[in-house]
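Per Swiss-Prot, the feature active site, N6-AMP-lysine intermediate maps to LYS253; the stated evidence is sequence analysis. Swiss-Prot lists GLU303 with the feature Mg(2+) 1 binding site, giving sequence analysis as the kind of evidence. The Mg(2+) 2 binding site annotation in Swiss-Prot covers GLU418. Positions annotated as domain 'BRCT 1' by Swiss-Prot: 651-739. Swiss-Prot lists 604-632, 914-1126, 1146-1197 with the feature region 'Disordered'.
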Amino acid sequence: MTEEIKFSVLVSLFNWIQKSKTSSQKRSKFRKFLDTYCKPSDYFVAVRLIIPSLDRERGSYGLKESVLATCLIDALGISRDAPDAVRLLNWRKGGTAKAGANAGNFSLIAAEVLQRRQGMASGGLTIKELNDLLDRLASSENRAEKTLVLSTLIQKTNAQEMKWVIRIILKDLKLGMSEKSIFQEFHPDAEDLFNVTCDLKLVCEKLRDRHQRHKRQDIEVGKAVRPQLAMRIGDVNAAWKKLHGKDVVAECKFDGDRIQIHKNGTDIHYFSRNFLDHSEYAHAMSDLIVQNILVDKCILDGEMLVWDTSLNRFAEFGSNQEIAKAAREGLDSHKQLCYVAFDVLYVGDTSVIHQSLKERHELLKKVVKPLKGRLEVLVPEGGLNVHRPSGEPSWSIVVHAAADVERFFKETVENRDEGIVLKDLESKWEPGDRSGKWMKLKPEYIRAGADLDVLIIGGYYGSGRRGGEVAQFLVALADRAEANVYPRRFMSFCRVGTGLSDDELNTVVSKLKPYFRKNEHPKKAPPSFYQVTNHSKERPDVWIDSPEKSIILSITSDIRTIRSEVFVAPYSLRFPRIDKVRYDKPWHECLDVQAFVELVNSSNGTTQKQKESESTQDNPKVNKSSKRGEKKNVSLVPSQFIQTDVSDIKGKTSIFSNMIFYFVNVPRSHSLETFHKMVVENGGKFSMNLNNSVTHCIAAESSGIKYQAAKRQRDVIHFSWVLDCCSRNKMLPLLPKYFLHLTDASRTKLQDDIDEFSDSYYWDLDLEGLKQVLSNAKQSEDSKSIDYYKKKLCPEKRWSCLLSCCVYFYPYSQTLSTEEEALLGIMAKRLMLEVLMAGGKVSNNLAHASHLVVLAMAEEPLDFTLVSKSFSEMEKRLLLKKRLHVVSSHWLEESLQREEKLCEDVYTLRPKYMEESDTEESDKSEHDTTEVASQGSAQTKEPASSKIAITSSRGRSNTRAVKRGRSSTNSLQRVQRRRGKQPSKISGDETEESDASEEKVSTRLSDIAEETDSFGEAQRNSSRGKCAKRGKSRVGQTQRVQRSRRGKKAAKIGGDESDENDELDGNNNVSADAEEGNAAGRSVENEETREPDIAKYTESQQRDNTVAVEEALQDSRNAKTEMDMKEKLQIHEDPLQAMLMKMFPIPSQKTTETSNRTTGEYRKANVSGECESSEKRKLDAETDNTSVNAGAESDVVPPLVKKKKVSYRDVAGELLKDW
């Protein structure tokens, strides 16, 4: 088995291949390894380690050199300050004391560090074990897990083996053998099969026999295909010579992500050129793709771009991921993803790559339905050309001569696009082909950019061949100084390293090396001469100690500039290259930032030269050979010294009279000259510099050096104010919406003219102004405040009848057709809107809902069991909660029709037995946690005059009761498991929400009286369709069960008690009998913490109550004894019982047998004995009057010991007296 091969064998193969000089030797050793050690059925386990960059079965490791160095340091257990740790972290840097000869090669430096800790003996790691560990490494979600895997690898390998493991992780073995050579040696058809499947495992499994040719496989939907590529060409004439005599189409080369879209029904994949599936595009694009691609199966080849709706054009490259993330998070933006399809590879069930490009263009127009700004088609006739803005060039044309190509290329470059692609219309689509059927022409290939003189201020160490020495430079532009003064500040501009030969680079480095200063960020700041961002991508390894010691470089780039976030300069360059080293130029003559910005603005955001010699493109070789000997005839005159020519401008109005404008920056949609002419047309003047005569500073955005300078001196106004004034031909007031920056003086003055929402006291609002004011008003997030104002401001019932409802909609579509499901969806949308209009809320979270409304067609029967099957186990438990009403849509329809919230019981879908089982479980639990007191009969209703006012200061916390309690052997109690730090639940109807709220004592007193319980099933108010009204006493009430307190919260009184009773303030624990007119149904339990009754009752009432309660308890015990053997006991000391036992010493206690209850209930111990006065407690005279009654009846099975009745009337007085 290949899996059992030691990894050391594969390491030997790597070493042999790396040492071999010729390609044939490398290939023969690879072939010998396969024939000797590998079985055909197990090729993949070894090949995936030889070319790891093509293995897509294993996910990304998420480890580059810097992170991998940190993980290795942790895995080895060495300090970050140790020399070996510093070498790993600074692997790029040179110096024999640190990195040595291996500087720039991370795997070799890691091997040196590991060699002193691992030794040379192999750990016996097999290929299978290595693959398993690499799978674990790829699936690890945090650095700690990755470190653990690396530690295991270190234990099972030696330093030489670990070096190759690190290279496999970095997916760069540096064997000097291309994947093309490996495929050719593995099987003659391997490369072709991989190009159409991008599946290395499939290649290894299908091509086991090297001598058996494989039938050429066509592309399939769902499997990535290597894209056809364009050959680079540097000259229009050279490109035309290769395509002469053929039908050629010229297309704009878009600057985006090359993406293949695979559609199979509703299953959409977005494969990149590296055959990675970019699922991040799915949220923004998948629905659009499904609706606008008119076939079920299809493969499109195209470019994913960003469309700017405000500018009506494509945005600059680099924001795809940002826009995809914004769409995924539901953020509004004026930018959106747009896919431009320029080829189709698969239609229906057939591959069309063998058809000509012209035929594929016709298919593309039939298959894709274009949607402006979202899904476009790039074809010569129609498609994207139809949607282009007026005045802009076409995106795709058929060319017939080199002049047509030249003209199209210039138009594309002026439009700031990436370049053009020339395609043979008769060519077929070839996966991975770069033979010249497609050719690309980009501006940097023909030196269309201007040469810029910049100053070196820092350096970066290289890797690989240039490891250990500075190979790239950080260059800067000067901040313009005053006349006849050298610049004192330099702003970071870009990073450049290509363009020089090794000798030229070594010469520059040797001249600067004496002035290198190590960058010790963050310990030491950069030299004060340099203005930098300290961005990680900007931060150099070394600084140039002083600008006077530095050298000027002449650099060129793509003609397009990009707005910089990494560097201080407002613009940076794309693909910069060093043209030559300017030893002849002193350091202070480098280009300044202001001149560069004006150059960019004057050339519409590019660095294009004003006039390019035609011979440059006709004969690029001559230009290249003579570029160093001849001085370029390029003039970079700062445009701020050149006034806009306004001699032919005629005045239209005088709205800007006596005003002088200075434009800090302008939008891309307008040029600086346009604004200058606009100001002059309306009677104003403009200045090219910011001086004291300027009255208005205008800007398009709050960024850039010029903006920072302007805002230090005066207010900065948005350019839209100028446009609005000109469009309306009148001077508009400077409202807050027009300001980009306000000085302190202007801000103070403006506060007298506007309110807190920026609404002016003196000017009327238009529609746009009203929208702005409303957007400035903060929205309240307090739901209670919102409900209060809704009731106050919308007193009509139709706007507030569902104010307290939160509705969760469930579509019941068990046997519906597609059309009926669509109608059900429309019904759901209508009801959602009506709920919102009626003041209710709609939620997608069942835990937040108060009503689950089941939507169904009129004739469809509803089944609660089928409804519950659609939910998770946690949600099923919520469905049984009484607080959640499961109703049909008729309840909602009729409530909306009558403009009032109807009782839910009539419309409930939850079967009564399910609802009762939920409440019944609560009753059983409470029944078992209740030990019947000697006085337990149902009490008659107290008159209103018996209400006793007790302040909240008398309330005792549960903690205090526990401290005063005394442990007892009879106080066995069955309790539910606690969840975290939450108290155990006593009743099944109790909810999590009830544990978190508190209310005033008056609310608690009224709620306790209203929610009394009864033990008898016949006495439970469960009639359907009638809602019990709060505030009314119930008829035929029996003993009341009171639950133990939780912390400072009031105890819950019964299983049917509403959830509102859980929200009582625990500090106000007063007697429930103190309520007005709600004293019925009270009893006291030995184990529960409750306040004693204060009202006095006659002895005859007590005897009647005792008989009734004991009869109910006896019947309940006899009926449930056989089911009560399922749960374990947990000994729990009841606070009130312990307190009573401490107050009344018991001469003798009789242990009672406990009876097991049904699952989920509590076990209770019956306590017998007499309660006498305690000498230790020194009670007052009322304690001596405590009555001791006869014992209770005993249970039948198991027998219960009779217990004596204890009157708690006097005990209550004693307890309250202590308080």
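Cβ coordinates are placed from backbone N, Cα and C, and glycine is handled just like the others.
Residue counts for the domain 'BRCT 1' (651-739) by DSSP state, with H, G and I taken as helix and E and B as strand, are 30 helix, 15 strand, 44 coil.
Here the CA atom of the residue listed as 'Mg(2+) 2 binding site' lies 13 Å from the CA atom of GLU303 (Mg(2+) 1 binding site). The recorded positions considered are LYS253, GLU418; of these, LYS253 has the fewest other C-beta atoms within 10 angstroms of its C-beta. The CA atom of LYS253 (active site, N6-AMP-lysine intermediate) is located 6 Å away from the CA atom of GLU418 (Mg(2+) 2 binding site).
Residues belonging to the domain 'BRCT 1' (651-739) score a mean pLDDT of 88 in the model. Under the three-state DSSP scheme, the residue listed as 'active site, N6-AMP-lysine intermediate' falls in the strand class. Within 10 Å of the C-beta atom of GLU303 (Mg(2+) 1 binding site) sit 21 other C-beta atoms, taking all shown protein chains into account.
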